[in-house]
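Presented below is the structure to which this report refers.
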Amino acid sequence: MTSLINPAYMLPEKATSSSSFSVESDSSPVDAVIFAGISLVLGTACRQLFNGTRVPYTVVLLVIGIALGSIEYGSHHNLGKIGHGIRIWNGINPDLLLAVFLPALLFESSFSMDVHQIKRCLGQMVLLAGPGVLISTFSIGSLLKLTFPYNWDWKTSLLLGGLLGATDPVAVVALLKEVGASKKLTTMIDGESLMNDGVSVVVFQLFFKMVMGNDSDWGYIIKFLAQNSFGAVGIGIAFGIVSVLWLRFVFNDTVVQITVTLSVSYFAYYTAQEWAGVSGILTVMTLGMFFAAFARTAFKGDSHQSLHHFWEMVAYIANTLVFILSGVIIAEGILTGQKVSYQGNSWGFLFLLYLYVQLSRCVVVGILYPLLRRFGYGLDWKEAIILTWSGLRGAVSLSLALSVKQSSGNFYLSSETGTRFLFFTGGIVFLTLVVNGSTTQLLLHLLGMDSLTATKKRILEYTKCEMMNTALKAFENLGDDEELGSADWQTVITHISSLTDLERGQVNPQNGYEAGNLDLTNIVDIRIRFLNGVQAAYWDMLDDGRITQSTASVLMQSVDEALDLVSTESLCDWRGLKPCVRFPNYYKFLQSRIIPRKLVTYLIVARLESACYISSAFLRGHRIARQQLHDFLGNSNIASTVIDESEVEGEEAKQFLEDVRDSFPQVLSVLKTRQVTHYVLNHLNGYIKNLEKVGLLEGKEVSHLHDVVQSDLKKLLRNPPLLKLPNVNDLIATNPLLRAL
């Protein structure tokens, strides 16, 4: 495997020793599996024990890894078989470590990001990952050169600065998912950390080449950075296009869909890192975002849930192993580098370096703050504090430090310098994860960024009230049950503390939404909930076959754009659909008999069918959301206000469908025929699954019936019923709307 740094710089004896990693002769490859299994068991136990606490799961994993590594390396191999596994994993080539874990973690993180918010935050992400990395690198490097007593030259100081200048996506993403940061802030920090990490590896490679004696002028530096960055983005997009086209030919085969996403993430990383010599991290990040933008609606129903659960499980396993292994590496680096770690001043300089890292992060955010406020969703001072404090370091920095240590011991880089790099990097990873990671949730609380608004509290009260009513209805229904009807309600109450609290005093939150309470905060909150309901309805329609993937993407984007404007405008998701829903202005040209009939069919039918799909889905989505809001808040003033806004939004969609019905009734007929056919076939699929669930059908029978229905679905998808158009001249002559165009 090609190293992140040129293997020619590594001494033969160093490479040999690193591959043997001093494991006892009686060790077995099975020991590595034992260590992985024990790590997952310990990680699962800690996840369960610390669930609901303010201690981040990743911090606990790191401490466990440090404890295991300290016992093994501090006691000279007293952990037996487990110790063999620890040494095997610790001896893995750092580039292999990155190649095993990073593609899956990066793809899962970037694929799960909100595409619309990525677009809005892209400017901020690029600022932090581009100029931000360079500012951080030179800030840390300059402070190291001027204050540390190791006589490092500028190139070596900047090398460590580049190594520490980037936030680690694995650590940051895992933390933000736990502490409950806002979606906007999470997207910005998540995306910045992903891009930041890829850029920092490129910067690290550049300075390492310079440290190892490769003279570089400014032209070479600019060319190197541009090739690595833009080349990675190009490869990621290319793999994304190929894989998305591949998925278009996969129909309801969850195994194939999941396998495609998994294999393409690793193959893209390998192609970029090994073959093209560009950043594999940026490549996988680009690939994941491309999937999020163009392939999210390709996974429907069970496939979508299966894909989500699969990648969630992969990320959990990878995170567990990465952070425990990171702790082992930190412990090994400290205990084996006794000459460095046992010197009191080394620990003092470690804490000083931690302050430098935090200071550099403050400098980056401070310098870029005026621009960060103006790009994307903007950035207030509270979010800037969280952005500064969330600059964690993790497995990527450790892997780069290990690469430096393996390549040290030559004319350009001494063994002592390599050991110091690992010692300082491991210490910074530990301190940022433990100090910053453990206190981020507390900082959010102190800044008031995790508190519920008055509207959210009222919604919560209402939901609790409905929980009580639902429980009462359930108990009444169970009264007629022969087996459960004799249950004692009072005893049931004592075992459900939430119901006990509710019985003490129920307040109907609908009463709080009267005319005097129609403030902007309340309306904004209800608009957001309404639009989320509309988007959920679109997903259901996609699963039922009422809309196509392309239509679903347009509809989802319209809701995302409307969500950005809820605080300044009334519901406006129809605005983003207007360009797609109108009669094209080229109908006059259809009077020409030289136009082929197939082209006429495409120009009329394809455009109008898509517009009808969008209009029908829009009206249905809003109708469902209105009903849900009415059921939830009743006839309250604020619910009526949002419902009225929705009614106004639907007027143009209704008018368009009326125009199509008057002008081209055949279009609506074909559209409804396709929708009904798809819905019936999906219903048959559900009926077959239910028969299997209750045991009336066995595997072979289910497989046969399932294949028959799937065959019909494929036929409908690839050869849908077509519209038979009347004579174009007659159609235009008899239609006043088309004559007016």
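Keep in mind that glycine also has a Cβ here, set from the backbone N, Cα and C atoms.
Summarising the annotation, TrEMBL assigns domain 'Cation/H+ exchanger transmembrane' to 40-444.
Taken from TrEMBL, the feature transmembrane segment covers 57-76 (among others).
Here TrEMBL flags 96-113 (among others) as transmembrane segment.
With a threshold of 8 Å between CB atoms, the same-chain residues lying at least 6 positions outside the transmembrane segment (125-144) that come near it are 118, 152, 154, 157-162, 164-166, 188, 191-192, 195-196, 198-200, 203, 353, 356-357, 359-361, 363-364, 367-368, 371-372, 375. Residues annotated as transmembrane segment in TrEMBL: 125-144 (among others).
Taken from TrEMBL, the feature transmembrane segment covers 156-176 (among others).
Residues or ranges marked as transmembrane segment in TrEMBL: 220-242 (among others).
What TrEMBL lists as transmembrane segment is 275-295 (among others). Through the fold, the transmembrane segment (275-295) approaches residues 2, 98-99, 102-103, 106-115, 118, 194-195, 197-199, 201-202, 227-229, 231-233, 235-237, 239-241, 243-244, 247, 261, 264-265, 268-269, 396, 553 of its own chain, all at least 6 residues removed from its boundaries and within a Cβ separation under 8 Å.
Here TrEMBL flags 316-335 (among others) as transmembrane segment.
Long-range contacts of the transmembrane segment (347-372) within the same chain, counting only residues at least 6 positions beyond its ends with a Cβ under 8 Å from a Cβ of the stretch, are 123-124, 127-128, 131-132, 135-136, 139-140, 143-144, 147-148, 164-165, 341, 378-379, 384, 387-388, 391, 393, 423-424, 427-428, 431-432, 435. Per TrEMBL, the feature transmembrane segment maps to 347-372 (among others).
The list of residues near the transmembrane segment (384-402) in space but at least 6 beyond its ends in sequence, with Cβ under 8 angstroms from a Cβ of it, reads 4, 94-95, 97-98, 101-102, 163-164, 166-172, 175-176, 181, 185, 188-189, 197, 200-201, 204, 281, 322-323, 325-326, 329-330, 357-358, 361-362, 365, 369, 372, 421-422, 424-426, 428-429, 432-433, 436-437, 439-440, 443-444, 447, 449. The transmembrane segment annotation in TrEMBL covers 384-402 (among others).
For 422-448 (among others), the entry in TrEMBL reads transmembrane segment.
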Given the transmembrane segment (220-242), its same-chain partners at Cβ distance under 8 Å and 6+ residues beyond its ends are 198-199, 202-203, 205-206, 264, 267-268, 271-272, 276-287, 290-291, 294-295
Residues outside the transmembrane segment (316-335) whose C-beta sits under 8 Å from one of its C-beta atoms, at least 6 past its ends, are 36, 39-40, 42-44, 58, 61-70, 72-74, 86, 89-90, 97, 101, 104-105, 170-171, 174, 341, 394-395, 398, 402, 419, 422-423, 426-427, 429-430
Long-range Cβ contacts under 8 Å made by the transmembrane segment (57-76), restricted to residues 6 or more beyond its ends, are 42-43, 46-47, 50, 82-83, 86-87, 90, 171, 174-175, 178, 319-320, 323-332, 335-336, 429-430, 433-434, 437-438
